[in-house]
Amino acid sequence: MGGGGGGGGGAAWLAWLLVVVAAIAAVGHGGGVQPLSRVAIHRARVALDASAAVRASPSLLGAQGEDTAWVTVDFAAPHASDGDWIGVFSPSNFNASTCPGPSGSDSGPVICSAPIKYQLANYSSDYGKTGKGTLKFQLINQRQDFSFALFTGGLSNPKLIAVSNKIAFANPKAPVYPRLAQGKSWNEMTVTWTSGYDIKEAYPFVEWGMKWSPPTRTAAGTVTFDRESLCGEPARTVGWRDPGFIHTAFLTDLWPNKEYYYKIGHMLPDGKIVWGKFYSFKAPPFPGQKSLQRVVIFGDMGKAERDGSNEYSNYQPGSLNTTDTLIKDLDNIDIVFHIGDITYANGYISQWDQFTQQVEPITARVPYMIASGNHERDWPNSGSFFNGTDSGGECGVLAETMYYTPTENRANYWYKTDYGMFRFCVADSEHDWREGTEQYAFIESCLATVDRKKQPWLVFIAHRVLGYSSGFFYGAGGAFAEPTARQSLQRLWQRHRVDLAFYGHVHNYERTCPVYDGRCASPERSRYSGAVGGTIHAVVGGGGSHLSNFTAEAPPWSVYREMDYGFVKLTAFNYTSLLYEYRRSSDGEVHDSFTVHREYRDVLACVADSCPPTIPPAT
């Protein structure tokens, strides 16, 4: 820590404190609490005790280029209690000198940044008896050094009594955690990653190519953001952490289905290169290409800690299961859609690094397409359709910067993407979708411009439920969806014969029959064929966050519902055959499935409220 101290004028400090307290209360609503929001770091006191100690080892991490490392923390306290805890701080210096705002004589906060993670001291079994303990933490390379602090007084009234030595990765600025995404054209792949190198220090690029061919180097653009780019607390206050620099390169003119190899790098002024790891990906198929195509869709996953930090709060208990199950099956996955509520950082910026590291084995190999959710975007008076505080002041900045999506305007998080026989229309439920809006026009255009002879499988995606859900929250309101959502969009889905619609937001799994205007178009449950009489809607919000309950009775249109963690996998075999599978994250096994067999003439067929005008034959 480097010693405590005063800072900040009295009036400014009081105002800052009030917004922090309000933000901490706000970001935890809705059945789960962001673990870092439990730490009342703005109330921390410093009372360093010579008889208390913390020691972290090893002091040098990642000597062989690793971007994760296990650290052993030994600690001792003269009066051990159940409320004692160890916090990980990065940067290692977290005293009052790092607090924002002017200095003054009035008493201000002594610690202005939340830890990036923490564990209770009594996780070490003998701590309560001996006052000595040992914990293990897994750290990731996050561009800064680290220190460990021992607090008494619990999370709500923390008192700092000891700080460890500083530890660091061998190269804190190293390029890490690449994430692939499809570009605006089918034959373009984007690579985004994070580093500590500004463009003035080193030139970012990707070296890539096909096997047996000379590699190509493509320059990357570099962006970042500062505290003032964010909208509110805690993102601008105790949750702030420098995000480093985010780089994106565009790999173009790819050959369909061809495997490419790549690695990210930074060229220093002296010509030396700092390399990232070596990866590969398969280029997307041509729109309409007839080949095996496998898609995974889920929402609301969040992040979790493999060392157990923060986990007693059960905020995102299924996150690691989902991640690990997808990694095991990655050879059988071509593209992933994470449809909102990505990290649940809720304004604690460090958590985005933690998330990108957790999913790196997936995002470095297959396109990882995201949608905007309430926990990424919503903040009062920031342009979001819903005036809540679920983003913790991020107001979309983190999601828009950390991940690439092929949007026309990153602030409007809607886009289309083609993957072989699929067309995906990804809406932004945090902006107005009603008729007459810019987004409604996009949705209509996306659905209308696909050639169903070549791309028969038409999929609509949004975070909030714009179709159907018997989740308790939606059922209690009587609409079983966001108010006015179906009234605005169901005629579009019907007119353009949308096969499937996916949503998150509700933390469970549910599938409907092919439904239009509240009525099932088919009594079938597992084998669908013929005309597209209605759209099958699925809630796939069980990616990892705390689960949500259903209404007591299932509505007539609800075919299958389950309160568990899982994801959906779509497999298109050809132009006429599609397999849908819901798999649980715990074991990867299929617990709900159906098949679709449909010919082009079935897409053209007359259905309810969507019959093209005809002229009777001449007699």
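Cβ coordinates come from backbone N, Cα and C, glycine included.
Bear in mind that TrEMBL entries carry predicted annotations, made automatically and left uncurated.
Computed from a predicted structure; not experimentally measured.
Per TrEMBL, the features are:
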DOMAIN    54-171  domain 'Purple acid phosphatase Fn3-like'
DOMAIN    178-282  domain 'Purple acid phosphatase N-terminal'
DOMAIN    294-509  domain 'Calcineurin-like phosphoesterase'
DOMAIN    534-593  domain 'Purple acid phosphatase C-terminal'
TRANSMEM  12-33  transmembrane segment
Check: Taking the domain 'Purple acid phosphatase Fn3-like' (54-171) as reference, which of 178-282, 294-509, 534-593 has the most Cβ pairs under 8 angstroms?
Finding: 294-509
Notebook entry, point to check: By DSSP, how many residues in the domain 'Purple acid phosphatase N-terminal' (178-282) are helix, how many strand, and how many coil?
Noted result: 3 helix, 53 strand, 49 coil
Item checked: Confidence summary (mean pLDDT) of the domain 'Purple acid phosphatase Fn3-like' (54-171) -> 91
